[in-house]
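*Asks:* Could you have a look at this structure, given as structure tokens, before my questions?
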Amino acid sequence: MRLDYLSIFPAYFDVLDISLVGKAAINGLVEIHAHDLRDWTHDRHRTVDDTPCGGGAGMVMKPDPWGEAFDEIIGTESDPSVHVIFPAPSGTPFTQSAAAELSSAQRIVFCCGRYEGIDHRVIDYARSMWTVHEVSLGDYVLNGGEVAALAITEAVVRLVPGFMGNPESLAEESFSAGQDGLLEYPLFTRPVSWRGLDVPEVLMSGHHGRIASWRRDESVRLTRERRPDLTDSDSSGIH
Ligand SMILES: CN1CCN(Cc2ccc(Cn3ccc4ccc(-c5n[nH]c(N)c5C#N)cc43)cc2)CC1
């Protein structure tokens, strides 16, 4: 899997060299390429933004540098196997199932906007050439797309076959299909007693049936408490 990042702050992606994703890069599972969008400007100030047509606050990212960067990084041929991701507050909420789908992609290009956003013709052009995803991390405002690109990268790469040492652990995570769409149960490890707080006895009983039942009950309780929106979904197993 090749991952490209287009941003005016490419140094955001240096962190990928030290994280788990970095290890995947070392063992050849993923290739990471960060690019400075200003490398595709031609004026002395390396300008990437301009005032919004129709008025309004702030600045909008000009289409020209994006188009030239696309030509060089992706090419000028249409190819639906190339996934181009535009993080944006107006995007579709990014989910675990979206991460799972993207984990089989061979090429993902993250377009990290800043200011008030990117000229919409950039997205329209990209849609005419590749498979485009306009996604949002959640209902809060960030200053740009870089943090979202990092989060989406981690969510996707950890699902790439061969990346996780123990793929079984993926099945028991919150939001994974294997978890019935429920939040995962509380976790404990040694010491059994810590600052007057004890590990629930059932987990020390060695009785696998009771442990499984306790964990399921805890997942149902937490999901009802924190994510009632998940309790009505078909996959949740609780209604
Ligand atoms: C006319 N007004 C109408 C309201 N908008 C709102 C607005 C638009 C952009 C920005 C800053 N920004 C620029 C690129 C970019 C990408 C992603 C995100 C982002 N924020 N939150 C998420 N979950 C994100 C993700 N993923 C933010 C971004 C901030 C606020 C401004 C213009």
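Cβ atoms are placed via backbone N, Cα and C, with glycine included.
Any TrEMBL annotation is an automated prediction that lacks curation.
This is the feature table in TrEMBL:
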BINDING   Gly113, Leu137, Gly138, Asp139, Tyr140, Val141, Leu142  S-adenosyl-L-methionine binding site
DOMAIN    1-231  domain 'tRNA methyltransferase TRMD/TRM10-type'
*Asks:* For the S-adenosyl-L-methionine site made of Gly113, Leu137, Gly138, Asp139, Tyr140, Val141, Leu142, how many Å separate the two farthest Cα atoms?
*Replies:* 17
*Asks:* Pick from Val141, Leu142: which of these binding-site residues has the biggest number of other Cβ atoms within 10 Å of its Cβ?
*Replies:* Leu142
*Asks:* For each of the binding-site residues (Gly113, Gly138), count the other CB atoms lying within 10 A of its CB, then report the residue with the highest count.
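*Replies:* Checking each of Gly113, Gly138, the winner is Gly113.
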*Asks:* Using DSSP reduced to three states, classify Val141 (S-adenosyl-L-methionine binding site) as helix, strand or coil.
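*Replies:* SS state of Val141 (S-adenosyl-L-methionine binding site) = coil.
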